[in-house]
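Report on one structure; see the data block that follows.
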Ligand code: PBG
């Protein structure tokens with residue numbers, strides 16, 4: 001063996017913490033984190049979510065506080081989910097100007113002003129008594145076009161309440177287009193749309209359905225959300241349609257199990273790509289940490305770094321405030 005062997009020594013750049021920090025190509029910044037938050041109508045104390053330790057259903061007051069803390073930590077945005085006291089087949093509370101989500105949007109905008117981008121999830125599942133994302137046909141399937149009319153109205157109600165971005169998550173065909181047209185026609189041409197473009201029919205949403213009280217009472221979402229076994233090309237078709245319909249930013253959801261889709265989106269589109277680290281991803285790490293099986297902080301950081309390295313520009317994560325403080 002020659003004296004120079006090995007010629008290449010990658011370990012040289014890993015030798016000290018300062019070297020590793022300097023050459024690390026992937027960094028997290030608080031401004032690219034978005035905090036999902038739940039607000040429930042008619043409760044006087046925040047309610048813990050059993051399957052998401054550390055996450056609560058907020059009261060109006062505790063939501064204000066959480067938004068202020070996120071803003072102070074430098075978090076980029078907050079996305080609100082509302083849980084109404086009364087649900088019905090149309091999800092009437094979703095576009096009621098006095099519905100919980102609209103009330104909470106006004107509260108949070110009042111609380112944080114422009115220091116945090118305040119956004120709303122635009123869907124019906126938290127608001128329908130059957131837990132489905134739209135209007136049902138007689139046979140119990142989600143009626144695409146009847147649901148689109150509802151989404152348009154919901155998005156306008158959210159923008160009227162001060163939402164600075166709307167995020168349609170229902171996976172109806174044409175949802176971005178109808179929402180763009182409705183916003184434009186109602187004086188909200190300047191409100192951007194963050195489209196959940198590739199959203200999979202995922203088991204990783206399990207804990208969210210406790211948090212948002214929106215588990216479907218029968219059936220599932222597999223006629224509208226994508227099949228986890230679907231091809232990357234199917235995801236690309238969805239994102240191209242959303243962009244053609246006017247999406248300003250796009251999302252992949254869940255995150256960690258779909259890093260390949262995040263990377264494809266980053267390569268193929270010219271708008272910001274967001275990834276949603278969903279409730280099941282949160283619950284897995286919290287549960288393993290509670291058992292003492294993993295190093296919680298390192299695992300949270302590593303999962304976020306992986307999502308970033310895959311190509312995400314924005315990350316929705318329930319740890320947003322904690323991580324922003326630590327950075
Ligand atoms: C639909 C919506 C869901 C999530 C975000 N928006 C639930 C679903 O599609 O069933 C899941 C988020 C998570 O699991 O953290 N309004």
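Glycine too: its Cβ is placed from the backbone N, Cα and C atoms.
The structure displayed is predicted, hence computed values, not measured ones.
Counting only same-chain residues at least 6 apart in sequence, those with a Cβ under 8 Å from the Cβ of residue 199 (active site, schiff-base intermediate with substrate) are 169, 171, 225, 226, 251, 252, 253. Residues annotated as active site, schiff-base intermediate with substrate in TrEMBL: 199 (among others).
The number of other CB atoms found within 10 A of the CB of residue 209 (5-aminolevulinate 1 binding site), across every protein chain shown, is 16. Annotation comment: TrEMBL describes 209, 221 as 5-aminolevulinate 1 binding site.
Sequence-distant contacts of residue 238 (Mg(2+) binding site), defined by Cβ-Cβ distance under 8 angstroms and a gap of at least six in the same chain, are 197, 198, 226. Look at TrEMBL and you will find 238 tagged as Mg(2+) binding site.
The active site, schiff-base intermediate with substrate feature in TrEMBL is assigned to 253 (among others).
The feature 5-aminolevulinate 2 binding site is assigned by TrEMBL to 279, 318. In sequence order, 51, 52, 204, 205, 206, 207, 208, 211, 318 constitute the residues six or more apart from residue 279 (5-aminolevulinate 2 binding site) in its chain with CB-CB distances below 8 Å.
Residue 221 (5-aminolevulinate 1 binding site) falls within neither a helix nor a strand when secondary structure is assigned with DSSP, and so counts as coil. Other Cβ atoms within 10 Å of the Cβ of residue 221 (5-aminolevulinate 1 binding site), summed over all protein chains shown, number 20. According to DSSP, residue 279 (5-aminolevulinate 2 binding site) is assigned to a helical segment. Within 10 Å of the C-beta atom of residue 253 (active site, schiff-base intermediate with substrate) sit 24 other C-beta atoms, taking all shown protein chains into account. Just so you know, the Cβ of residue 318 (5-aminolevulinate 2 binding site) picks up 26 other Cβ atoms within 10 Å once every protein chain is counted.
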